[in-house]
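Since the structure comes first, as C-alpha cells, the remarks are kept for the end.
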Amino acid sequence: MNQTTIIGIAGGSGSGKTTVTNAIMKNLEGHSVALLAQDYYYKDQSHLTFEERLETNYDHPFAFDNDLLIHNLKDLRNGKPVEVPTYDYSQHTRSKETIAFDPKDVIIVEGIFALENNTLRDMMDVKIYVDTDADLRILRRLTRDTKERGRTMESVINQYLNVVRPMHEQFIEPTKKHADIIIPEGGSNKVAIDIMTTKIQSLVSKK
C-alpha cells in the first residue's frame, strides 16, 4: 500500500501558498512532513550563455523540469531517498549542490504550476489552489522583491505587467479547475486551512 500522501498547493505569485503550506505542516505535527518546492526544479541552463539565461521567463511552465520532479516523487513514494536539485539565481542555472531528501508520511509539492502538469496532478492525493485578489498579490510581490531582493519598485511593476500577470492569466489561473479545494484569501482563511488539514489527516491515517 502506498504510504506517502502527496499534496499539491498551487496559486499565483504572492497568493499566500507558503503561508498555507506552513499552516498545514504545523497542523500535521505527529506525522513526518516535508516541502518539495517546485522552485527547486527550474531547468538546468548551463548549456546557454549568461546573456541567454537572463532572458529566462520563470513564470512560464517550460521553465520547470517536471520530468525530474515526477521521477523524484515516484522514488519517494516507493520509499527511496532522492537528491533534490538546487538553483543558483545569480547565475540563472542549476547549482552543482543537491539536497538529500528522505521519504515522508506527507510530501507537499508547492509552486505556481503545481497543478499544471497532468502526470504530476495524477500523483497527488489532494490538490489545493490558493486564490487571492490580484491587487493583494502584486502588493505582496512588491514588498518581497524590494525588501528581500533589492529590486526597484519600477522594475517589479514592469515585470508584473509584462510577464507575471499575462502568465498568470494564461497558465496559472486555468489550473484552478483541477483543485479539490480552492482556498480564498490565502493564508488568512483559517477555516479553510483547518478543513483541509482534517481531510489530509484522515487520508494519512488510512495509509
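Any Cβ shown, glycine's included, is placed from N, Cα and C.
Per Swiss-Prot, the feature ATP binding site maps to Gly11, Gly12, Ser13, Gly14, Ser15, Gly16, Lys17, Thr18.
Structure with Swiss-Prot features highlighted.
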{"residue": "Gly11", "record": "ATP binding site", "contacts (Cβ under 8 Å, 6+ apart)": "Lys17, Ile112, Tyr129, Val130, Asp131, Thr132, Ile172, Gly186"}
{"residue": "Gly12", "record": "ATP binding site", "contacts (Cβ under 8 Å, 6+ apart)": "Ile112, Thr132, Ala134, Arg137, His168, Ile172, Glu173"}
{"residue": "Ser13", "record": "ATP binding site", "contacts (Cβ under 8 Å, 6+ apart)": "Asp59, Ile112, Arg137, Arg141, Val164, His168"}
{"residue": "Gly14", "record": "ATP binding site", "contacts (Cβ under 8 Å, 6+ apart)": "Thr132, Leu136, Arg137, Ile138, Leu139, Arg140, Arg141, Arg144"}
{"residue": "Ser15", "record": "ATP binding site", "contacts (Cβ under 8 Å, 6+ apart)": "Val130, Asp131, Thr132, Arg137, Gly186"}
{"residue": "Gly16", "record": "ATP binding site", "contacts (Cβ under 8 Å, 6+ apart)": "Val130, Thr132, Arg140, Glu185, Gly186, Gly187, Ser188"}
{"residue": "Thr18", "record": "ATP binding site", "contacts (Cβ under 8 Å, 6+ apart)": "Glu110, Gly187"}
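One way to see the shell of the ATP site is to take the Cβ centroid of Gly11, Gly12, Ser13, Gly14, Ser15, Gly16, Lys17, Thr18; the remaining same-chain residues with a Cβ within 8 Å of it are Ile112, Val130, Thr132, Arg137, Arg140, Gly186.
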